[in-house]
Amino acid sequence: MIDFGNFYSLIAKNHLSHWLETLPAQIANWQREQQHGLFKQWSNAVEFLPEIKPYRLDLLHSVTAESEEPLSAGQIKRIETLMRNLMPWRKGPFSLYGVNIDTEWRSDWKWDRVLPHLSDLTGRTILDVGCGSGYHMWRMIGAGAHLAVGIDPTQLFLCQFEAVRKLLGNDQRAHLLPLGIEQLPALKAFDTVFSMGVLYHRRSPLEHLWQLKDQLVNEGELVLETLVIDGDENTVLVPGDRYAQMRNVYFIPSALALKNWLKKCGFVDIRIADVSVTTTEEQRRTEWMVTESLADFLDSHDPGKTVEGYPAPKRAVLITRKP
């Protein structure tokens with residue numbers, strides 16, 4: 001059973017303590033009524049993983065844990081088998097005691113694009129919205145963050161996160177809650193909020209931006225990464241039934257239009273930090289994610305377009321501040 005008690009105890013002693021007025025009841029309701037049919041199978045995989053304290057832990061350059069003495073072939077096989085029970089692995093990669101989890105996304109490449117543009121994360125309390133397996137949270141801790149809290153309602157991601165955490169010596173500097181941002185009160189408590197790969201899935205993107213703002217302290221920093229298209233400040237793509245085979249894509253603005261959206265929501269010091277085309281080297285099928293990936297979603301005759309005929313995925317990073 002995945003236990004959130006450590007997180008409750010942690011925030012009871014800091015500036016997130018007011019969250020305890022609503023959070024335990026939400027989690028209890030989730031545990032009682034909303035668990036996925038495979039959740040017990042996934043959580044069992046976490047439970048059966050060995051308790052290991054890493055001798056060497058690198059979260060600054062990667063997510064890598066090593067033991068002082070190499071694990072036996074049997075120990076490595078046990079870890080690999082249990083981690084494979086948590087497939088598909090989409091966000092990573094992870095290198096854990098000789099088990100190399102080659103995820104669908106090279107999330108380390110995204111982090112390398114984002115990190116140089118951030119305010120110093122040292123000592124910060126961070127919220128990562130739509131955090132997936134939690135890869136970027138570990139990198140935030142590696143960059144000096146005091147606490148990283150991730151929210152993502154996908155329960156497989158929760159189990160992947162808890163599996164990695166266990167293999168990192170039960171590290172308590174990062175926590176994942178199985179919630180969506182609409183379930184959070186206006187905490188106004190985070191120094192930095194990340195929303196990466198979420199905005200285009202929201203039916204109301206401006207409402208999402210307001211929700212992000214409500215989580216920030218005054219002068220806090222928002223890091224927003226999302227799909228964009230080329231165009232001026234009035235350009236927004238509203239895809240039909242699907243975009244790159246995804247049904248739940250609603251609005252894809254230009255970076256300039258997105259800048260205006262942020263301005264409309266009251267953000268200041270808005271910067272377009274990076275714009276990059278997503279390549280089939282960054283998002284691809286692997287042994288740890290064996291179903292379709294980006295190459296299958298692009299036009300086989302024109303990789304500059306999706307199979308539906310829209311511009312191929314391009315992502316922008318915007319960084320801004322709540323006054």
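Placement of Cβ uses the backbone N, Cα and C atoms for every residue, glycine included.
Fair warning: this is a prediction, and the values are worked out from it, not measured in the lab.
Site annotation for carboxy-S-adenosyl-L-methionine in Swiss-Prot covers LYS91, TRP105, LYS110, GLY130, ASP152, PRO153, THR154, ILE181, GLU182, MET196, TYR200, and the matching candidate from ARG285, ARG315 is ARG315. Each of the binding-site residues ASP152, GLU182 was scored by other CB atoms within 10 A of its CB, and the lowest score goes to GLU182. DSSP assigns GLU182 (carboxy-S-adenosyl-L-methionine binding site) to a helix.
Annotation for LYS110 (carboxy-S-adenosyl-L-methionine binding site): spatial neighbours HIS136, MET196, GLU225, GLU282, criterion Cβ-Cβ under 8 Å with sequence separation of six or more.
Considering only the residues assigned to carboxy-S-adenosyl-L-methionine binding, LYS91, TRP105, LYS110, GLY130, ASP152, PRO153, THR154, ILE181, GLU182, MET196, TYR200, ARG315, the longest pairwise Cα distance works out to 26 Å. It is LYS91 that, of the binding-site residues LYS91, THR154, has its Cβ surrounded by the most other Cβ atoms within 10 Å.
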